[in-house]
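Taking it in order: structure first as structure tokens, then the write-up.
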């Protein structure tokens, strides 16, 4: 079973339990859903000239933001995710120094410094614990903030930004460290409200000077990390109005735009986080409901600014649209916000970014409907957007290589990328020694390359295709598709071709070297391939046609001249995502091995191809501890830097795109034989949109074998010479020929033997070409399906009269696609979808058929909440029924929830986890008796929904839901299958409770030594039992919660029904206590709270 993840760069996350090495990010709120990106363009990442693009995952701006800020090597924040540096002095302060200061001096000092003056500010250690565990000290900072709030001026911010950062550091440390958990309480955070209001009621609270803008920004950050009330939120309207009224002047001012953005972001995060801690997750149950309309009016007004929209302010309008959609639920009449989004769709041009953003927000927050209840048909909007922004399609290699591009991406550029792929592939195959796909039938049988016109248009890919755009390009392995964009030198230090070469290498890695999909298997559990995948991708991007693989100047210049500032060999081999450095140093290591130790390169590559994880780890460990090898690696980098002026960036030559005269294919074959002495040469012709190409494969017999590594070097050199000799011939088409060799053997004479493959331009006009008849697509499937249920689509009855079907492309109408002949799909939302099947024949002919599919709702049979503690298998909550929805929450302290269910008979079991906050959550499933090896994990991931299914044998299974990135999040989990609610052995001789026993005067009488099976529900919240005690006794009461509902028990004396005499001690699902009782009548009240659904329990009474 393959895992639907993507191979990537900046943000690959390991699906491991929380206690594994935690991944951190160097950029602020970098990704959506748990998607991973690759080959992020270093210059593009910082090319916005201070502008902040829309943050896709706005739910992560609080503790996550702080975590990201301290993720860099020097423990200092990066980018716009932290307050601007004050830089008033360069002195570094330790917590030991700060802890020795009195409160007054401390606060005054904080006002004069930057967060950068305290490098350990966000680190938990003895000093920070001592500092923040002192409640009076924290209170002094809050009072200091309030005082500064009253006294700051237009020219002096009185240290407000740094005071805020100190408080944010405390909240961060309190969230992730239980020793400081008091800082994470609403009570303490609410103590900031007077300070916030002091800031707002200061007459200087507005946009204006740099100091004023900084104060507004700091307030937004504080709101997001601390607290707010309707008054604080509504007090922000003047800032939003001022920005709107002066948008011509303020739109291009970074500090003002950033200040407004942080206000919107902080308010959105805090108010939505309150919902997740509110009964029923309902905005109506919060203090903000129907009380922040003034703020909403100003926010909504920023959604439509008419002809004042320009490149400087568009990003802020995009954010206003996004936050309007998310916060409309706080209005008594949400349709007001809904209409604001509708107005945006009417005001902005069809398929402009703002139009699509507004439509997306209606789809996400209002069920895809306008205020009149009509469907906006967002799927059609996305389809039209793809048609507008990607109107061109180019096919190569009989349809196995497809490019979809913007209208400004030139045909010449497309052709160059195709030929660049051949140069990279040829050198890649030489090194890895494999040209057969590890698994046939994967989506990457057809590679699709999507190229937008520009970075701006590329941002739409997040909406219309659902993938992160905070990168220079992204390869999604489970759909065999690579997304990127054309760029100018001002926008990127890399050309499109350079980036394409890097990404194309990831495609080759996934198809020919690394077994399974990205993220699947043991290789990915600890991130041991991180350096290999990214370092060799940078390396192979330097592939040439005839001169092997060259070190690229654009990457070499990123190496440090001072060895003390470089990554060591150990550091490279154990690199994790979070910084850019290991790309450069992994590139240098790959170049070192290629030029000085191919045996080492081959050995680690073979471990990967053979899926030998332990062998690979052992080999990496031995390399890491080899100090002599590290010295050679460092020496090699010295040589690269000393020669940097002579380096360049390999790109394809103009010969590929120049015209080529016609030449008989037989002449080409004979010429290749002549210069190479290749035997048994066979050829295969493939058609592309602009030209025809050939692959010729034959056998080369070399000299006496000197061992595989030496044979490889000899063959590599000889093949380069063969290509150069061929290029000397008069026909210029030979300058398009690339070649590789694989399958080393030694013949009976002791000579080495390789299979050699040539690829080049075929201009033979006599090559058989006929008029192709279009194939016919045929769809076989059901016409309706339940939401989240699997539906099967069969395209195998599609036909082609004069050939065969070579490719299938399903478009399921919800943005998802498949390239399989027989596909399965699940819809996440109800509605009617138009499914399209496009088939391509062996001659490039295309035909499309469509069919309507109706998706209907499937409501869970019951909704319950998890019962803590359930962090261990022995304390697991039971999931008693199929299609029961369980609500749970994870955090730094509560990082794992365990559940169990019993499978009654062999059959398919489906598990669906909805990640409500888009944080780092996943799940694994274990069989009772082997809790160390999982039997199933989340194989489907669209960013918020983690799915998996498998045919399971009867028995008990344990489900582990856990967080892997130190973020708090709420989730729901649903299990469907043949489940049974197994009554435990201890309950088989129990009596059944008899209703109605909901009041003391209707209590069910039971013996003081008895077992009772009872049931609670939302309509039956309590059961009462009467017990007569004849003698002084120790009554042991154990109530076992069978179905994980929220329940408890209290014991009352008949003499006082207002005050209980004893209560339960909770231990997982067991509620127990031993009560010392005098003779008399007692009432045991077993009750449910929070309306957590229907559940069974067992009462066990033992009178000692």
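For all residues, glycine too, the Cβ spot is worked out from N, Cα and C.
For the recorded site, residue 503 (active site), the DSSP three-state label reads helix. Per Swiss-Prot, the feature active site maps to 503; the stated evidence is sequence analysis.
For residue 477 (Ca(2+) 1 binding site), the Cβ neighbour count at a 10 Å cut-off comes to 29, with all displayed protein chains included. Residues or ranges marked as Ca(2+) 1 binding site by Swiss-Prot on the basis of similarity to another entry: 477, 510, 514, 516.
For residue 506 (Zn(2+) binding site), other Cβ atoms within 10 Å of its Cβ number 27. The Zn(2+) binding site feature in Swiss-Prot is assigned to 502, 506, 534.
Per Swiss-Prot, Ca(2+) 2 binding site is recorded for 772, 773, 800, 802, 841, and the stated evidence type is similarity to another entry. Within 10 Å of the Cβ of residue 800 (Ca(2+) 2 binding site) there are 20 other Cβ atoms, across all protein chains. Residue 800 (Ca(2+) 2 binding site) falls outside any helix or strand according to DSSP and counts as coil.
Look at Swiss-Prot and you will find 866, 868, 894, 897 tagged as Ca(2+) 3 binding site, backed by similarity to another entry. Around residue 868 (Ca(2+) 3 binding site), the same-chain residues at least 6 positions away in sequence with a Cβ under 8 Å from its Cβ are 894.
Taken from Swiss-Prot, the feature Ca(2+) 4 binding site covers 868, 870, 894, 897, and the record attributes it to similarity to another entry. Around residue 894 (Ca(2+) 3 binding site), a 10 Å sphere centred on its CB holds 18 further CB atoms from the protein chains shown.
For 993, 995, 1016, 1020, 1023, the entry in Swiss-Prot reads Ca(2+) 5 binding site, with the evidence type similarity to another entry. In the three-state DSSP scheme, residue 995 (Ca(2+) 5 binding site) is classed as coil.
Look at Swiss-Prot and you will find 995, 997, 1020, 1022, 1023 tagged as Ca(2+) 6 binding site, backed by similarity to another entry. Counting only same-chain residues six or more apart in sequence, the Cβ atoms lying under 8 angstroms from the Cβ of residue 1022 (Ca(2+) 6 binding site) belong to 998, 1016, 1085, 1086, 1087, 1088.
Residue counts of the domain 'PKD' (774-862) by helix, strand and coil are 0 helix, 48 strand, 41 coil (DSSP-based). According to Swiss-Prot, the feature domain 'PKD' maps to 774-862, an assignment based on sequence analysis.
What Swiss-Prot lists as region 'S1 metalloprotease domain' is 87-761.
Feature annotation from Swiss-Prot assigns region 'Activator domain' to 93-367; the stated evidence is similarity to another entry.
Residues annotated as region 'Helper subdomain' in Swiss-Prot, with similarity to another entry given as evidence: 654-767. Residues belonging to the region 'Helper subdomain' (654-767) score a mean pLDDT of 93 in the model.
Residues or ranges marked as region 'S2 domain' by Swiss-Prot on the basis of a curator's inference: 762-860.
Annotated region 'S3b collagen-binding domain' per Swiss-Prot: 992-1104, in sequence order, evidence recorded as a curator's inference.
According to Swiss-Prot, the signal peptide annotation covers 1-39.
Look at the region 'Helper subdomain' (654-767): DSSP puts its residues at 40 helix, 43 strand, 31 coil. Annotated pair residue 800 (Ca(2+) 2 binding site) and residue 993 (Ca(2+) 5 binding site), C-alpha to C-alpha distance, rounded: 68 Å. Comparing CA positions across the binding-site residues 993, 1020, 1023, the one lying closest to residue 477 (Ca(2+) 1 binding site) turns out to be 1020. Considering only the binding-site residues 502, 506, 514, 516, 802, the residue whose Cα is spatially closest to the Cα of residue 1023 (Ca(2+) 5 binding site) is 516. In sequence order, 866, 867, 869, 871, 877, 888, 889, 890, 896, 898 are the residues of the same chain, not among 868, 870, 894, 897, whose CB sits within 8 A of the CB centroid for the Ca(2+) 4 site. By the criterion of other Cβ atoms within 10 Å of the residue's own Cβ, the least surrounded of the binding-site residues 870, 997 is 997. Looking only at other Cβ atoms within 10 Å, the busiest spot among the binding-site residues 534, 993, 1020 turns out to be 534. Apart from 995, 997, 1020, 1022, 1023, the Ca(2+) 6 site neighbourhood in this chain, defined by C-beta within 8 angstroms of the site C-beta centre, holds 993, 996, 998, 1014, 1016, 1021, 1024, 1086. Annotated pair residue 1020 (Ca(2+) 5 binding site) and residue 866 (Ca(2+) 3 binding site), C-alpha to C-alpha distance, rounded: 19 Å. Using a 10 Å Cα-Cα cut-off from residue 516 (Ca(2+) 1 binding site), none of the binding-site residues among 802, 841, 870 qualify. Using a 10 Å radius centred on the Cβ of residue 866 (Ca(2+) 3 binding site) and all shown protein chains, the other Cβ atoms total 24. In this structure, the binding-site residues 510, 516 were compared by how many other Cβ atoms lie within 10 Å of their Cβ, and the smallest count belongs to 516.
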